[in-house]
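J.: Feature annotation from Swiss-Prot assigns N6-acetyllysine to Lys41, Lys43, Lys48, Lys80, Lys83, Lys124, Lys128, Lys150, Lys255 (among others). Here Swiss-Prot flags Lys41, Lys124, Lys255 (among others) as N6-succinyllysine.
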Amino acid sequence: MFCLQSSQALQVLENSLRKHLPESLKVYGTVFHINQGNPFKLKTLVDKWPDFNTVVIRPQEEDMTDDLDHYNNTYLVYSKDPKHCQEFLGSSEVINWKQHLQIQSSQSDLGKVIESLGATNLGKVKHKQCFLYMVCQTAKKLAPSLMDAKNLVVSRNKLTPLDQQLFKFASLDVTHAALVNSLWHFGGNEKSQKFIERCIFTFPSFCIMGPEGTPVSWTLMDHTGELRMGGTLPKYRRQSLIYHVASQQIQTLEKLGFPMYAHVDKANFTVQRMVGLLGQILLPCTWNQWNCVPL
């Protein structure tokens, strides 16, 4: 096992992961931001170097003091050979299987290995799979071969124009974390709110302020750079607000040069239609999250 710390090695890793897009997307996006200053202070592990097979991005051990906090105890994994990475992922130096944790990857093929390791460590594993999309501007720059017409999601639905007398673009404040948490599908608890607070504090966030001067629609970035946690207050839905705030987010992050990608639940047809309005690329791989709980 090797822990990559030098800027040179991490840049080599980023360049290598780029060649394996889109399957490496979740890890690539994380390494990109590690190379931009590592704002979440993440740790990069590889099984060997420089000819690595498997990469794991995780928090530092000193930042994983709460055994029950799977929002913080998150591992991002990419492997060139998903069926033969069990020994590396099974190492206690790589993944602490005694904690409540989650593993995220753009490779569903990792499932059998993760489920096997969960069973070996007397734990329960729950898998969530979603559609994975890449913003067109990112695909053009990083993986132009994905710009095939059959991958481009386009919606012909008409948009409701933004009433700029009532609504104003703004950024979220950490004090808005409770509001975001209340509508986040994966949240709704104290630990998720703490995670959201850190995301708002660390990365650019975007919202639309309503007539009351409070956020009515918003979207954030998580610790991997993924566009996440979008939401709209129920009374303001069906006004295309989430489209307008997501469009603002994409325009701003494009200027910063950030890779942009997001997942959508397979049953969330409303957000899928919005993705169509934004003209994003549906990737051939999927967004995967395995929640592991020791019994």
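In case you wondered, yes, glycine gets a Cβ from its N, Cα and C as well.
Neighbours and distances for these, please.
T.: Around Lys41 (N6-acetyllysine), the same-chain residues six or more apart in sequence whose CB sits under 8 Å from its CB are Pro59, Gln60, Asp63, listed in sequence order.
According to DSSP, Lys41 (N6-acetyllysine) is assigned to coil rather than to any helix or strand.
Taking the Cβ of Lys43 (N6-acetyllysine) as reference, residues of its chain lying under 8 Å away and at least six apart in sequence are, in sequence order, Cys3, Ile57, Arg58, Pro59, Gln60.
In the three-state DSSP scheme, Lys48 (N6-acetyllysine) is classed as coil. Taking all protein chains in view, 11 other C-beta atoms sit within 10 angstroms of the C-beta of Lys48 (N6-acetyllysine).
The Cβ neighbour count for Lys80 (N6-acetyllysine), using a 10 Å radius over every protein chain in view, is 17.
Around the Cβ of Lys83 (N6-acetyllysine), the same chain contributes Asp109, Lys112, Val113, each under 8 angstroms and 6 or more positions distant in sequence.
DSSP assigns Lys124 (N6-succinyllysine) to a strand segment in the three-state reduction.
Sequence-distant neighbours of Lys124 (N6-succinyllysine) (same chain, 6+ apart, CB under 8 A from its CB) are Gly118, Cys292, Val293, Leu295.
Taking the Cβ of Lys128 (N6-acetyllysine) as centre and 10 Å as the limit, one finds 16 other Cβ atoms among all the protein chains shown.
Remark: Lys255 (N6-succinyllysine) has no non-local neighbours by Cβ distance under 8 Å and separation of at least 6 in sequence.
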J.: Distance between Lys48 (N6-acetyllysine) and Lys128 (N6-acetyllysine) at the Cα atoms, whole Å?
T.: 29
J.: Cα of Lys80 (N6-acetyllysine) to Cα of Lys128 (N6-acetyllysine): how many Å, rounded?
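T.: Counting only the Cα atoms, the answer is 22 Å.
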